[in-house]
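Enquirer: Summarising the annotation, Swiss-Prot assigns active site, nucleophile to Asp48 and lists sequence analysis as the type of evidence. Residues or ranges marked as substrate binding site by Swiss-Prot: His43, Tyr76, Tyr179, Leu200.
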Amino acid sequence: MGRPRRRGRDINGVLLLDKPLGLSSNDVLQKVKRLFSANRAGHTGALDPLATGMLPICLGEATKFSQFLLDSDKRYRVVARLGQRTDTSDAEGALISEREVNVTQAQMDAALDSFRGSSQQVPSMYSALKHQGKPLYEYARQGIEVEREARSITVYELLFIRWEGNDLELEIHCSKGTYIRTIIDDLGELLGCGAHVSYLRRLQVATYPSDRMVTLEQLTAIVETAQAEERSPNAELDALLLPMDSAVLNFPEVNLLPAVAAYVKQGQPVHVAGTPGEGMVRITEGEERNFIGIGTIAEDGRVAPKRLVVEHVDGANPVVAGVAAGNTP
């Protein structure tokens with residue numbers, strides 16, 4: 001019997017992809033997975049095909065921590081087309097109303113100010129939120145309206161950039177779960193003229209730097225050049241990745257001596273002096289501060305592992321951040 005076929009290589013890290021216009025987040029995810037020959041990949045919050053910009057893609061063990069990027073703040077640049085409302089609240093939808101734009105700067109300023117801070121937002125029917133296991137947009141395409149509960153959101157910053165003709169450009173820093181299309185649709189109705197999103201770009205996720213974004217074209221060029229030169233592109237591709245723990249840098253660090261870390265790697269909680277009183281922590285090991293996973297502070301003050309990094313070595317058993325599976329510290 002032959003050896004089972006490998007699905008891909010074990011590569012761990014976070015790629016900041018600059019998602020192109022016209023492709024879905026899953027489309028670009030699959031392209032990145034193939035280019036890296038990765039065995040596992042997942043994105044951290046979908047962007048509509050109409051949208052471009054930062055889409056963090058987690059490879060390998062980094063997928064264990066992708067949820068924390070889903071829960072992080074986002075920053076967007078958006079252009080709203082005033083005077084036209086569509087059924088999807090963006091340029092891809094059908095026009096459902098067209099009205100004149102008779103809005104003063106004072107009225108605009110007052111309307112924008114009403115969106116700053118915390119509020120309740122009813123998600124769009126054209127969203128990926130699920131109802132009975134099916135995305136809302138599938139119901140919407142069938143002409144079915146589903147009752148949606150309002151959700152708490154926070155707009156930390158809403159910057160007025162420009163207003164030329166019927167195009168209004170804004171920059172919005174917001175909490176997780178905020179639908180920019182819904183903000184623009186609500187703004188249009190508040191102004192009495194209607195509006196939809198004509199341009200949307202995600203500038204930032206959490207604290208990731210925008211200058212570390214790479215495009216599909218750059219990745220493809222690296223692979224094609226390597227193939228033409230009959231060499232592996234892996235080293236060049238891997239240099240573009242950010243560390244796995246970049247997804248959880250907002251958690252306090254608990255640094256363990258190797259002897260103590262060995263217990264954590266086996267799933268055992270440990271007492272560590274000087275830990276936070278509660279909440280999630282990022283666990284590192286030794287003077288090198290190697291990331292081994294995340295944990296929580298238990299009621300008795302011990303650090304309890306929650307998700308640990310598993311390293312894969314060709315021809316060997318999986319290793320939990322340096323300890324072979326099954327070993328006892």
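Count begins at 1; order follows the chain as displayed.
Note: Cβ is positioned from N, Cα and C throughout, glycine not excepted.
Given the structure is predicted, the values throughout are model-derived calculations rather than measurements.
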Enquirer: Sort out the sequence-distant neighbours of Tyr179 (substrate binding site) for me: same chain, 6+ apart, CB within less than 8 Å of its CB, listed by position.
Expert: Gln121, Pro123, Ser124, Ser127
Enquirer: For Leu200 (substrate binding site), what is the secondary structure by DSSP, using just helix, strand and coil?
Expert: strand
Enquirer: For Tyr76 (substrate binding site) and Asp48 (active site, nucleophile), determine the Cα separation and express it in whole Å.
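Expert: Spelling it out, the Cα of Tyr76 (substrate binding site) and the Cα of Asp48 (active site, nucleophile) are 13 Å apart.
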Enquirer: For the substrate binding residues given in the record (His43, Tyr76, Tyr179, Leu200), what is the largest pairwise C-alpha separation in angstrom?
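Expert: 18 Å is the greatest Cα spacing among the residues binding substrate.
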Enquirer: List every residue in the same chain as the residue listed as 'active site, nucleophile', at least 6 positions away in sequence, whose Cβ is under 8 Å from its Cβ.
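Expert: The residue listed as 'active site, nucleophile' has long-range Cβ partners Asp90, Arg181, Leu200.
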Enquirer: Need the DSSP three-state call for the residue listed as 'active site, nucleophile' to compare against my parser.
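Expert: Its secondary structure by DSSP: coil.
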Enquirer: Have a look around Tyr76 (substrate binding site) and count the other CB atoms within 10 A of its CB, chains all included.
Expert: 22
Enquirer: What is the total of other Cβ atoms whose distance to the Cβ of His43 (substrate binding site) is within 10 Å?
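Expert: Looking across every protein chain shown, the total is 22.
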Enquirer: Which three-state DSSP class does Tyr179 (substrate binding site) fall into?
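Expert: DSSP assigns Tyr179 (substrate binding site) to coil.
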Enquirer: Take the Cβ of Leu200 (substrate binding site) and count every other Cβ within 10 Å, whichever protein chain it belongs to.
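Expert: Looking across every protein chain shown, the total is 23.
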